[in-house]
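Data block below; observations after.
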Amino acid sequence: MEIIKDALAGTLESSDVMVRIGPCDEPGIHLELESLVKQQFGNAIERVARETLAKLGVERAHVVIDDKGALECVLRARVQAAVMRAAEQTEIQWGAI
């Protein structure tokens, strides 16, 4: 899936996560992570985000994750929503998720 424009999903409320995604000139996923629990769960957060992006077919993007203690299911949903908005997709590919 090609990222066409900047988009975001989520909030900065407690137990949520804000995911910002935009196009990137360089190949690969460039991920920035800010989290209250980065020391403990930073690797897991990054792994979940990268897995979700891979399942959606995103190969090139700049992603900023600002986590406020979100559960894994919330993180996946926010990444999916941001990707759909950034790719200007209206049809959800349930098989990819």
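All residue numbers here begin at 1 and follow the chain in the order shown.
Cβ atoms are placed via backbone N, Cα and C, with glycine included.
Residues annotated as O-(phosphoribosyl dephospho-coenzyme A)serine in Swiss-Prot: Ser14. In sequence order, Lys68, Gly69 are the residues of the chain that are 6 or more apart from Ser14 (O-(phosphoribosyl dephospho-coenzyme A)serine) and have a CB within less than 8 Å of its CB. Reduced to three states, the DSSP call for Ser14 (O-(phosphoribosyl dephospho-coenzyme A)serine) is coil.
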